[in-house]
Amino acid sequence: MGEEGTWPLLKEEYHYHPGCPGCAYDRRKDLLRGMPYKEFLYVWMVSLTAALPISSLFPFLYFMIRDLNVAKRTEDIGFYAGFVGASFMFGRCLTSTAWGIAADRIGRKPVVMFGIFSVVVFNTLFGLSVNYWMAIATRFLLGALNGLLGPIKAYAIEVCRPEHEALALSLVSTAWGIGLIIGPALGGYLALPAENFPNIFSPDSFFGRFPYFLPCLCTSVFAVVVLISCIWMPETLHKHKVSENENQSIEALEAHLIDPKEKVEESGSLGTKKKSLFKNWPLMSSIIIYCIFSFHDMAYTEVFSLWAESDKKYGGLSLSSEDVGQVLAVTGASLLVYQLFLYPRINKVLGPTNSSRIAAILCIPILFAYPYMTYLSEPGLSIVLNIASVIKNNLSVTIITGTFILQNNAVPQDQRGAANGLSMTGMSFFKAVAPAGAGIVFSWAQKRQHGFFFPGDQMVFFLLNVIELLGLILTFKPFLAVPEQYNRN
């Protein structure tokens, strides 16, 4: 009875400010107890727009570098491909924190809309690249001006009631994971249209002269649709100064609503919430773990396409870009089902930390098995490759979603944009290093087919497992700061 009696009192303590978009949305959220389906759709579409251009180039990057005539030997293609993949993340690394701070100052909506606009412009220009340096420059600018993911993660938390936070962040990672799969699927199916669809596209046509423009165009058209729809996206940032009493009442309201089994509580008291983000160890430890697994995922994404398309005499599978696109399309469909129907239940039972640990453990034997698929023939190869890709990518999204939840629950609302921007900066740096490093290692591994210790591509997947194991170790104490209440549950 005591708990029920505090609810109306707490509700009266919270003051709505006229003209403030954040207050207006909070009032609406207070009146509507159900899930905000329209806002969740915005979260999903924007996250998908942010993810699609990141890895859509990987299925055709091998052939693009070949056609740009920058690599002198076949074994060097992976070396040059790595730097094109890294340029996007390097650009985003330089600006993510700035975009997060901007989202805390001027609002989530304007930053999101500008980021989508940059996708339309620079993703289109990348498809029109006529030399190696134009490809690197357009990818760099696409990353530097695309500040979408940090603000949309903060937005996902703010548009829903606390009991729906796991689902909200699951939508971000779902759309992100699907984008990282559908993007390469589009790239695989639609690149080189004059070769793959000679009855529709002639070699002398526009798409014949720019063989990698069509998949970029499809992504840009989708981004235009999302940009127009975001005109009606509600703003959630409070445009007034929030007093300490209001902060406390908001936190009390959230504490009243949240089931402790589903919510990772903030570490520390209300009085310490304004401390530097760098001194917030629950936040920083989860960001570091997020960066390690992001490095692994980006390296895996680059290696998978290069390995699958390289010749069998170099330890690859000799698949076409269309074959790789088909595998990734199947994986993308599985991600949608998994994240919408299975992950929320797994998170409720295991929590974000334990589910991430189990997923990391299961990834290791799967990666160990990849190099041995080269000994398989069809149809067994396609079946095994699809199953492995589905399981591996679903496990990876489980880990990323868990770190999303830990990060966003470690800071108050007025620091979420900056916190997510900081997270994106670290993640972008690691993801910038990952493709370049993966490309260099892949190129080196293909030259040592008869090495004594993990010959050929076995070395590549061994190193991926080393990174996965490092991330797994960091999810345990004393490194990861997990509140005692969460441990008890």
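Cβ from N, Cα, C; glycine included.
Note that TrEMBL annotation is computational and uncurated.
Annotated domain 'Major facilitator superfamily (MFS) profile' per TrEMBL: 39-483, in sequence order. If you look up TrEMBL, you'll see 41-65, 77-99, 111-130, 168-192, 212-233, 283-307, 327-346, 358-377, 383-406, 427-446, 458-480 marked as transmembrane segment.
Outside the transmembrane segment (458-480) by six or more residues, the chain places 285-286, 288-289, 292-293, 295-296, 299-300, 303, 307, 315, 353, 356-357, 360-361, 363-364, 367-368, 370-371, 399, 438, 441-442, 445, 448, 451 with a CB less than 8 A from a CB of the stretch. Sequence-distant neighbours of the transmembrane segment (283-307) (same chain, 6+ residues past either end, Cβ-Cβ under 8 Å): 55, 58-59, 61-62, 77-78, 81-82, 85, 89, 180, 184, 277, 315-317, 324, 356, 360, 367, 370, 389, 392, 396, 399-400, 403-404, 406-407, 410-411, 419, 422-423, 426-427, 429-431, 433-435, 437-439, 442, 457, 460-461, 464, 467-468, 470-471, 474-475, 479-481. Comparison of 77-99, 168-192, 212-233, 327-346, 358-377 by number of C-beta pairs under 8 angstroms to the transmembrane segment (383-406) places 327-346 first. It is 427-446 that, among the stretches 41-65, 111-130, 327-346, 358-377, 427-446, forms the most Cβ pairs under 8 Å with the transmembrane segment (77-99). By number of Cβ pairs under 8 Å, the transmembrane segment (212-233) is matched best by 111-130 from the list 111-130, 168-192, 327-346, 427-446. Model confidence over the domain 'Major facilitator superfamily (MFS) profile' (39-483) is summarised by a mean pLDDT of 83. Listed by sequence, the residues of this chain that lie at least six past the ends of the transmembrane segment (111-130) yet keep a Cβ under 8 A from its Cβ atoms are 46, 49-50, 52-53, 57, 64, 68, 99, 102-103, 138-139, 141-142, 145-148, 151-152, 155, 210, 212-217, 219-220, 223-224, 226-227, 230-231, 233.
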